[in-house]
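Contents: one structure, followed by commentary.
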Amino acid sequence: MALRAVRSVRAAVGGLRAISAPSAPCLPRPWGLRAGAVRELRTGPALLSVRKFTEKHEWVTTENGVGTVGISNFAQEALGDVVYCSLPEVGTKLNKQEEFGALESVKAASELYSPLSGEVTEINKALAENPGLVNKSCYEDGWLIKMTFSNPSELDELMSEEAYEKYIKSIEE
């Protein structure tokens, strides 16, 4: 549901147009805009960090060469209430799809896999005291690790939100 809401907001924002109503006679302006002109507002990669997903239900967003990694809403719902997070130490080097930790819940335990190759630069210390953040806010406060990535082209191999939603539907059938 959260993914649908994000997509709806992005669709709405992408189509916004600003229209100014003339309050005085429309006189030519030196830069070519006139009162009543239509200007489109655009959002792009510079403004929105795109969330990418793996088939194992991890996600990653990137900003300034650092990736933030977490698990998807689908994964946290399947796990149930998370009661313990096992995360790597800062400085750990990871390869794409390498196991880097685990989440334990009241229902099951699940391994975590790195979406990219790189080095862990930070772990979410709040999860030690409150592992339930993974359930309450899997895309914001419940992130797991931050990492530099050594091969940016690996991002292209991950699924977009739309592709991930289709993937989820295909495995639920």
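Every residue, even glycine, has its Cβ placed from backbone N, Cα and C.
Taken straight from Swiss-Prot:
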- 1-48: transit peptide (TRANSIT)
- 66-148: domain 'Lipoyl-binding' (DOMAIN)
- Lys107: N6-lipoyllysine (MOD_RES)
- Same-chain residues six or more away whose CB lies under 8 A from the CB of Lys107 (N6-lipoyllysine)? Leu79, Gly80, Asp81
- DSSP says what for the domain 'Lipoyl-binding' (66-148): how many helix, strand, coil residues? 15 helix, 35 strand, 33 coil
